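**Q** Just passing along the structure, written as structure tokens.
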């Protein structure tokens, strides 16, 4: 169910990934939002270039869809070096990592998405690579097995994760630069929607961009997806410009409400109110009622409801807040 949501921040679609590439900024000056992160990185990058050194290893963490991969590519562009991209699940064996590291030239960037999913053996091999730019691997088996020392050129590892808490302390401590990617403001999302509309050769007025931005859950990936779907409705209606009215119509048809909630989000809140008086309700109970795995509720649905204050966690379980009741047009019960 989660994979089919138009407001999902995950990106598992090849066509969508290809479109995202066309929308990506190339330098920090083009990157919209995340001002604190950008300002800090600009200093670190400029200092590294002046010292003619590789940039310290960078860890980017935060919810999906906020531009961690894009920012990694921007960093490489700013450093004027090549970037090699991979993901934690794709590096199954130490040999896979060795092959990647051997391709690097001095100063290059190695980007590992979902770095929290690296196998333990691969992660341990990274320690010396990150700290001292060498790796030792064992070649051969049995009595003929012997370690081989591989020196590496200085490089920058950029790791991205949606679950920083799953990183081991030894790996986390080897990142000299750690940056948290926050949800975007409506103003930043408006700018992103207007920029993307320009890339798509679409006409959009500010109130149309705002209507899409306010329903995008603070996430650029969702904003761009909603923009594309709104474009479809506008074209079918023979409307050349996306304004507030067509955006509202399109997104209402897609069941994305003014706070970015879809039918599943509202179902969770409504179920908790109707069956459990708003909570507290345990995670397993919510998952069973919705027909999803515990992890899906916790990682896909819950974060945004917590972020906007419609849910809260307690020691006894999840509870719908007064704001959550108000959004559904229901009175908050006196308890």
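One is the number of the first residue shown, and numbering goes on along the chain from there.
Positions of Cβ are set from backbone N, Cα and C atoms, glycine also.
According to Swiss-Prot:
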type: REGION; residues: 2-184; note: region 'Large ATPase domain (RuvB-L)'
type: BINDING; residues: 23, 24, 65, 68, 69, 70, 131, 132, 133, 174, 184, 221; note: ATP binding site
type: BINDING; residues: 69; note: Mg(2+) binding site
type: REGION; residues: 185-255; note: region 'Small ATPAse domain (RuvB-S)'
type: REGION; residues: 258-335; note: region 'Head domain (RuvB-H)'
type: BINDING; residues: 313, 318; note: DNA binding site
**Q** Fill in the CA-CA distance, residue 65 (ATP binding site) to residue 318 (DNA binding site), as an integer in Å.
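**A** If we compare the Cα positions of residue 65 (ATP binding site) and residue 318 (DNA binding site), the gap is 25 Å.
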**Q** Between residue 313 (DNA binding site) and residue 131 (ATP binding site), how far is it from one CA atom to the other, in Å?
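**A** Residue 131 (ATP binding site) has its Cα 39 Å from the Cα of residue 313 (DNA binding site).
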**Q** Taking the residues 23, 24, 65, 68, 69, 70, 131, 132, 133, 174, 184, 221, which the record names as binding ATP, find the longest CA to CA distance and state it in Å to the nearest whole number.
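**A** Max Cα-Cα spread across the ATP binders: 37 Å.
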**Q** Cβ neighbours within 10 Å, counted over all protein chains: which one of the binding-site residues 313, 318 has the most?
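**A** Counting every other Cβ within 10 Å of each candidate, the maximum falls on 318.
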**Q** Over the span of the region 'Large ATPase domain (RuvB-L)' (2-184), how high is the average pLDDT in this prediction?
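**A** That region's mean pLDDT is 89.
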**Q** For the region 'Small ATPAse domain (RuvB-S)' (185-255), jot down how many residues DSSP puts in helix, in strand and in coil.
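**A** DSSP composition of the region 'Small ATPAse domain (RuvB-S)' (185-255): 50 helix, 4 strand, 17 coil.
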**Q** Can you give me the Cα-Cα distance between residue 69 (ATP binding site) and residue 318 (DNA binding site) in Å, rounded to a whole number?
**A** 32
**Q** Taking DSSP states H, G and I as helix and E and B as strand, how many residues of the region 'Head domain (RuvB-H)' (258-335) are helix, strand and coil?
**A** 42 helix, 9 strand, 27 coil
**Q** Give me the count of other Cβ atoms within 10 A of the Cβ belonging to residue 65 (ATP binding site).
**A** 26
**Q** Pop the Cα-Cα gap between residue 318 (DNA binding site) and residue 131 (ATP binding site) into the table, whole Å please.
**A** 42
**Q** If I restrict to non-local contacts, at least six residues apart, and a C-beta distance under 8 angstroms, what lies near residue 133 (ATP binding site) in its own chain?
**A** 151, 152, 153, 154, 155
**Q** Near residue 184 (ATP binding site), which residues of its chain come within a Cβ-Cβ distance under 8 Å, counting only those 6 or more away in sequence?
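**A** Within the chain, residue 184 (ATP binding site) has Cβ neighbours under 8 Å at 33, 34, 66, 192, 216, 218, 219, 220.
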**Q** Using Cβ-Cβ distances, find the residues under 8 Å from residue 23 (ATP binding site) that belong to the same chain and are at least 6 apart in sequence, listing them in sequence order.
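**A** In sequence order, the residues whose Cβ lies under 8 Å from that of residue 23 (ATP binding site) (at least 6 apart) are 195, 196, 199, 224.
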**Q** Going by DSSP, give the three-state secondary structure for residue 23 (ATP binding site).
**A** helix
**Q** Counting across all protein chains present, how many other Cβ atoms fall within 10 Å of the Cβ of residue 69 (ATP binding site)?
**A** 20
